[in-house]
């Protein structure tokens, strides 16, 4: 299991300062919408300057019509990121075209499909998708696998079911990881790192428990022990 550190702080300088503290550790730097829109592609180069061994996870959750989405993914791949997210709700045709475009490259990022955001409660998910959360997450994941993507973003509570249905080689990335599960904030389906490993998660995403800590590096070292 690998650790992705979410860089969601208010200022670019704060994100870079956090990474300076974590230099030399085996982790992924997750760049989301806020940081990428504010700081641009140059931010990715600044991450690499701090530690060239940090892998970069560009979490943009692409969602559009097929060719627009494929072209956007191609531009992201040109930035030499190591992982990229797309929405599974964009449907099989969009994902298939996207993967055809990326597979033509000598090197491409891992493509992870977002099934259900961890901010969804079961009730909210039913209202939007008219299906039970776990059932729909597996259905979307199966469609993603047929399209050729590498894995899915899901909560810890769907990870094991996805693996059982689609095989252990189909990757799962699980956000909503907390040190204290009572600290949900805007997430509904949270778990800790040990539970993520028990449920065969390949990647975990941790943000606020790290950068709200007095000693972020110590928190990361503890998380890495659980990985």
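Every residue, even glycine, has its Cβ placed from backbone N, Cα and C.
Swiss-Prot has this to say about the protein:
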type	residues	note
BINDING	8, 30, 59-68, 118, 178, 187, 207-208	substrate binding site
ACT_SITE	61	active site, proton donor
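A map of Swiss-Prot features onto the structure.
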residue: 8; record: substrate binding site; DSSP class: coil
residue: 60; record: substrate binding site; DSSP class: strand
residue: 66; record: substrate binding site; DSSP class: helix
residue: 207; record: substrate binding site; DSSP class: coil
In whole Å, note down how far the CA of residue 8 (substrate binding site) lies from the CA of the residue listed as 'active site, proton donor'. 15
Are there residues of the same chain, six or more positions away from residue 207 (substrate binding site), whose CB falls under 8 angstroms from its CB, and which are they? 5, 6, 7, 8, 30
Using all protein chains in view, find how many other C-beta atoms are within 10 Å of the C-beta of residue 60 (substrate binding site). 18
